[in-house]
Amino acid sequence: MATTTEKTPAAPGVVATESNQAVPAISLEKVSKTYRSGQVTTTAVESIDLEIRQGEFFSLLGPSGCGKTTTMRMIAGFEEPTSGVVRLSGKDVTGVPPNRRDVNMVFQSYALFPHMTVAENVAFGLKRKKVPAAEIRTRVAEMLELVELGDRAKYKPRQLSGGQQQRVALARALVNRPSALLLDEPLGALDLKLRQAMQLELKRIQREVGITFVYVTHDQSEALTMSDRIAVMNKGRIEQLGTPAQIYETPATRFVAGFIGTSNILTGTAQRVSDTLVRIDYGGDQHVLANTPQQMSDLGLVITVRPEKIRLGKDVPDANVSRIRGTVREVVYLGATTHYTVRTVDDTDIVVFQQNSSDASNLADHGDTVWLSWRPEHSYVLPG
């Protein structure tokens with residue numbers, strides 16, 4: 001028997017949904033931002049639609065100038081969209097000033113007050129809101145414990161490391177209990193090891209507080225490490241939206257394949273072998289096999305394969321896998337892995353990441369002729 005769900009009317013200015021849980025923390029509807037200088041108009045963000053869920057760690061990822069920071073600034077209220085609607089928890093906040101939006105921002109510059117202690121820095125926003133002193137002490141203590149700085153409450157910022165200062169800035173933003181926290185490349189000033197440690201720390205904190213984090217970065221490893229979902233941006237548009245695994249394993253465009261991780265791009269004219277399999281022949285006994293949907297054209301395919309999916313060896317692989325012969329042009333030993341660059345007969349360079357096992361017989365040297373092979377499901381077909 002069919003059932004129906006009773007819907008409660010939404011409050012004025014709030015989008016009606018099946019339940020409060022279904023209301024996105026942040027939504028952008030056909031949002032664009034253009035800048036005009038004289039007769040020149042520059043489009044920073046072009047008609048993007050985006051929903052960020054309650055309680056998720058969401059990253060806006062892309063190269064410099066892709067529009068990710070402008071998008072975040074429109075969410076925060078520091079920039080007003082040229083067109084479109086910005087909603088927070090279903091409420092239209094387009095045109096609402098930043099101080100009236102229930103979001104806080106953390107920047108790469110920590111902006112801590114040097115003359116104040118750690119506790120005073122964290123308490124600053126609460127004091128401006130005239131929160132009772134007893135509540136301030138409780139909330140500040142809770143936040144400092146959360147960021148593991150409870151024993152540093154009386155320290156001045158200059159007495160802290162860069163990572164500790166970043167955690168103070170994070171506590172200062174979270175103590176206000178915003179519905180969402182916006183982070184604009186906050187780890188950019190830290191060294192590599194500290195940055196990697198802080199990535200895990202940020203994810204832990206986000207899980208514990210349970211609020212929405214929106215993270216802007218150009219660093220793919222940061223986005224892949226921390227995010228529940230990622231929007232990859234390019235030239236003011238969202239090229240792909242998905243989980244880290246979806247973005248990495250099944251890139252939607254050639255740009256995403258090249259920007260996220262390392263990809264080998266192969267092109268050619270394909271012939272359909274079966275309903276779900278195509279083959280590109282490279283002469284002789286060399287070919288690439290790829291799984292494809294039935295409706296995809298057989299001509300002019302672009303195929304990507306990740307370096308770690310490829311096996312390198314001296315023996316001819318089986319015919320039921322992709323197999324290409326080439327000459328080793330470069331060998332880079334990196335401890336756990338060795339990276340090979342192999343030049344094929346059509347002068348295409350293919351990069352291979354091979355795990356270094358105790359069996360050294362699989363290793364190849366510069367100038368060696370080798371076979372590369374991978375399974376059909378590891379060849380991902382992109383739009384031509």
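Yeah, the Cβs are placed from backbone N, Cα and C, and that goes for glycine too.
Feature annotation from Swiss-Prot assigns domain 'ABC transporter' to 26-260.
Within 10 Å of the C-beta of Cys66 (ATP binding site) there are 24 other C-beta atoms, taking all protein chains into account. As annotated by Swiss-Prot, ATP binding site applies to Gly62, Pro63, Ser64, Gly65, Cys66, Gly67, Lys68, Thr69, with the evidence given as sequence analysis.
Applying an 8 A CB threshold to same-chain residues 6+ apart, the list for Lys68 (ATP binding site) reads Leu60, Leu61, Gly62, Val216, Thr217, His218, Met233.
Of all Cβ atoms in the protein chains displayed, 15 besides its own lie within 10 Å of the Cβ of Gly65 (ATP binding site). Here the binding-site residues are Gly62, Pro63, Gly67, and the one ringed by the most other CB atoms within 10 angstroms is Gly62. Among the binding-site residues Ser64, Thr69, the residue whose Cβ has the fewest other Cβ atoms within 10 Å is Ser64.
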